[in-house]
């Protein structure tokens, strides 16, 4: 019978840039310390996150099993207990059957907004709405003048210029935001390019539960695997646990009280082998891996406004109120002036006193400038999440500890020093 044994993930496959945005270690507390006063702050309640983490790992029992027990659980893998590297692995027929039943070893791609939707979204910016409103009012005044027999082409030209400004600036904002999104999407890929097998060439998409694979130094783990044999192997699992230091992995079973994330015999997808060599059994593949579960959870999280977005919204609201107020005030002043006490030439004063002031108060280049700056920062910090850049910029001191990541999945803030009132 033709057996297959998948061996060696290619060293050039996959990027681990955004793996550090995993939910397991995104709970770092940012604190601001600006004085000598001392005030106790209650830690955040992360019990729900801890329960969710435990529920994800509860389906894994392989780290408690011995190699003999794994052989009994996966008889079709033909595991050689004495020499796991000589294991035959799944037959081609069985592998094809499992591939049809469980699907390919790929993660669901992140939801991406279409270019048309992204471009249309730019027109919803409040500054652009103000300019578009001014353009429509200008067209309205032109039509009224045309109805009374006066053709004021200047109004039409002004409206055209305003519309062109909105379209051009919206396109620039769209282009910069599209490039920023593409940067994050490119760094979100975790797939190795190919797998070189001893008996046949196998793409990583075709890995299924029960395959026996070998990982070597410098290679990425393509699926969740249970170590069957370890030769000085060290695994760096920052993509999953947040721990940057590689640790030794073994084939020995973990004690009953040891969780999956504390066990040192299961290498999860997205981790890297930094040293040594290991033979492993694929126990989860595709969307059923721990990384696949994280990806699904992240896709269901409702996005909230960042600090920068809130500040921009306040600024836009302030500028809008000032522009509208100044426009109305100067329009009324023009109408009730001595020369125009009986509200003569209302349209003229409307155009000159209201629309021009609104247009003058709108910083047309602000959206494109902000997005351009964010895109530049995203390129420099290509391994970070674009949305946290402005959040980190508001912190003076960041206190972080990785111990709680593996045990309770939470960071505890116990003390804060500040001379200013603390909002919590």
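Glycine is no exception: its Cβ is also placed from the backbone N, Cα and C atoms.
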Annotated range (TrEMBL: transmembrane segment) out of 105-126, 127-148, 193-214: 127-148
TrEMBL annotation (transmembrane segment) - matching range among 66-87, 154-175, 220-241: 154-175
PLDDT averaged over every residue in the domain 'Cation-transporting P-type ATPase N-terminal' (61-143): 82
DSSP-derived helix, strand and coil totals, residue by residue, for the domain 'Cation-transporting P-type ATPase N-terminal' (61-143): 53 helix, 1 strand, 29 coil
